[in-house]
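**Q** Copied straight from TrEMBL:
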TRANSMEM  B:6-25  transmembrane segment
TRANSMEM  B:32-52  transmembrane segment
TRANSMEM  B:58-80  transmembrane segment
TRANSMEM  B:87-106  transmembrane segment
TRANSMEM  B:135-158  transmembrane segment
TRANSMEM  B:179-201  transmembrane segment
Amino acid sequence: MLQALKLPVQPMTEPMTLLEIANLTKSFGGVKAVEDVSLHLREGIITTLVGPNGAGKTTLFNLITGHLRPTGGDIRWQGQSIVGTSPWKIARLGVARTFQDLRLFSHMTVFENVLTVMEKSAWFWQSEAGSVSERHRRVHEILDATRLLHKADVRANDLAYAERKFLSMARIMATNAKMWLLDEPASGLDPRSYDRFVALLRSEVRRGITICIIEHNLEIVVSISDRISFLDQGRLLADGEPEEILGNPELSSIYFGERS
Amino acid sequence: MIAYLVNLATLVCINAILAVTLNFIMGYAGIFSLAHAVFFGVGAYVAAFIALQWTDSLLLQLPAAMLVAGLISVALALPALRVRGDYFVAASLGFQVLAATVFSEWKSVTGGIGGLVGIPPASIGGHAFTDPVEFLALAGVTLVLVVVLTATIVRSSFGRSLKAIRDSESAALAFGKNVALIKTLSVFYSTAICAVAGVLYADYLSFINVESFTIDASTLFMAMVIVGGIGTVWGPVVGAVLLTLLPAALTYLPFLPRTEIGSVQQMIYGLAMVLLMIFKPDGLMGIKRGEA
């Protein structure tokens, strides 16, 4: 019955699929955290994953980035399967992420946090990342855009909460990834920071970045989403335009816990 | 008296190299190893073996010792680094105990419990370092080079990758850091330079045995790093100076019977550690928490 909620896809108007998830399943012992999820993340738009806690949203991210191995199904990045590829290789293919608990490089300075992300090689010689001065200039730009420039020499540990959230964003901006997976990047921000955050996301999407974001705040969901995918108990219940998903009374009753 | 001070200073230099290299993996890569004395020993035995069998040339002993220690550590690191945090400490402890047994039993190479005696003084280009003051200069220059090289690596892109892995391995992976390779390279560097200290030690004392390379030594090196300040450039050097000179200083306390020095030393170590953890948990050279 819930399967019927899945909305038809219109191939003519849809942008190209960058990342395709096919029948993905992940079990932890007897618990199915993700169950038979199929989803297309399309290029150049913001797809929002919504659903109650424990719906499997973060697990889905961990499966995409290779931090977890799926029990079944496939994940294809630009047509190529990336299941079983190590996380650092997937990152270099162009998939970057943030973490719900941020995982900043806490004893490094704000500047170093961003700089180290640009340094691609394990050697001293950075073949792809440009000259030292270019990299420093780019870090400077990113810190300016996230308003962290005055904190450049502060250790990540010593930042205020909102600044830590923006540092997490600054770090992902320093990658040259095509796709960003953002795990509740706006949670706990005050309304003014929200606005800055939404503006930041918009400008990055204009730059050609494809974004998949986990978000609970409906105000933000409404203002940023091009598409919404609704998960509950590991399954994808619905996937479509924001109005369709948010206007569906059955989904909102699941989301707000009025399950009968 | 001068000879005595020169002797102490030389040992300080050797211990400082050990502390600096251990701090490299502890403080920057977040790898806590209780097997550092093993690689010190490997360096010493390789140097002694080469010196006794073939040549006293440092230019041959150094690369050989570095290579052997580095390769052994990498062979161990590949499986061991898969286990995380506390488990790695336990694994390194096991390896330390195992290696000490090998040192004392492999008689044809290590001389067994009795060790190797009559190791000829080291030479470079035919010049033998027989004068203790000259040897001190050699050890001092080596220490300076090691500190400068280590500080340079720590401030490079490689050093930043290491610190990123230390602070969050999963985030480092998610940003494209080849964590396994970077950790392995850092272990190779740390143990190869650790072996340099072993070469100097064997050539300086002209006698080595397993006593110097046991778990006690590994613990002492770790104490030097922690006392001085983990993850700092000068901390391990300060720690090495203090913990090498402390036993020597105690012998000058007139009211202490000579036979009791050992146990008094242990009590002072214990007390110092407790006080340090209360008042300066980041070590003497450590950055105070909360400061930028």
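Quick reminder: no glycine exception, Cβ is built from N, Cα and C everywhere.
Nobody curates TrEMBL annotations by hand; they come from automatic prediction.
Note that the structure is predicted; figures quoted are calculated from it, not measured.
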**Q** Honestly, do the transmembrane segment (B:32-52) and the transmembrane segment (B:87-106) touch, with at least three Cβ pairs under 8 Å and pairs 6 or more apart in sequence?
**A** yes
**Q** Considering only Cβ pairs within less than 8 angstroms, which of the stretches B:6-25, B:135-158, B:179-201 has the most against the transmembrane segment (B:58-80)?
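**A** The stretch with the most contacts is B:179-201.
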**Q** Same chain only, please: residues at least 6 beyond the ends of the transmembrane segment (B:179-201) with a C-beta under 8 Å from a C-beta of the stretch. Say none if there are none.
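**A** Here the qualifying positions are 13-15, 17-18, 20-22, 24-25, 28-29, 31, 36, 39-47, 58, 61-62, 65-70, 72-74, 77-78, 81, 122, 138-139, 142, 146, 149-150, 153, 158, 161-162, 165, 169, 172-173, 208, 212.
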